[in-house]
Amino acid sequence: MKIQVINKSKHALPEYATGQSAGMDIRANLDEPIVLKPLQRCLVPTGLYIALPEGFEAQIRPRSGLAIKKGIGVLNSPGTIDADYRGEICIILVNLSSEDFMIEDGERIAQMVVARHEHAEWQEVEVLDETERGAGGFGHTGKK
């Protein structure tokens, strides 16, 4: 699949780390570092603009290493970039740790996964089909 991209950043285009990677790392595009304080959130520019084909979205997800090592996540995870959005991709990061986190220019801050999606149509009914699970949720299967 080809995706049109404008790269106004100082960095190379995102790429897959391996042949089986689902996501591409996205880098911060900053004129100066950002200090993200504990429990603070900020919008981090990437300098990337894309045009996805109809029927696709780009999901912005946290990087697992930043999450476990530094407590840094994507606040609206996954963030969705719709196929008709043409603005700059910016990432909402949140610091869930107890220490300041410095975001440097070029740092890999999130990953992007391109995914197909469908539009759904609502079909109003009076009763839903029964299933074995039923209304069970939020830990209904217990600890095993």
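Each residue, glycine too, has its Cβ placed from N, Cα and C.
Record features, source Swiss-Prot:
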BINDING   ARG63, SER64, GLY65, ASN76, THR80, ILE81, ASP82  substrate binding site
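In this structure, GLY65 (substrate binding site) is part of a helix by DSSP. Of all Cβ atoms in the shown protein chains, 10 besides its own fall within 10 Å of the Cβ of GLY65 (substrate binding site). Looking at the residues that bind substrate per the record, ARG63, SER64, GLY65, ASN76, THR80, ILE81, ASP82, the two CA atoms farthest apart are separated by 26 Å. In the three-state DSSP scheme, ILE81 (substrate binding site) falls into the strand class. Counting every protein chain shown, the Cβ of ILE81 (substrate binding site) has 19 other Cβ atoms within 10 Å.
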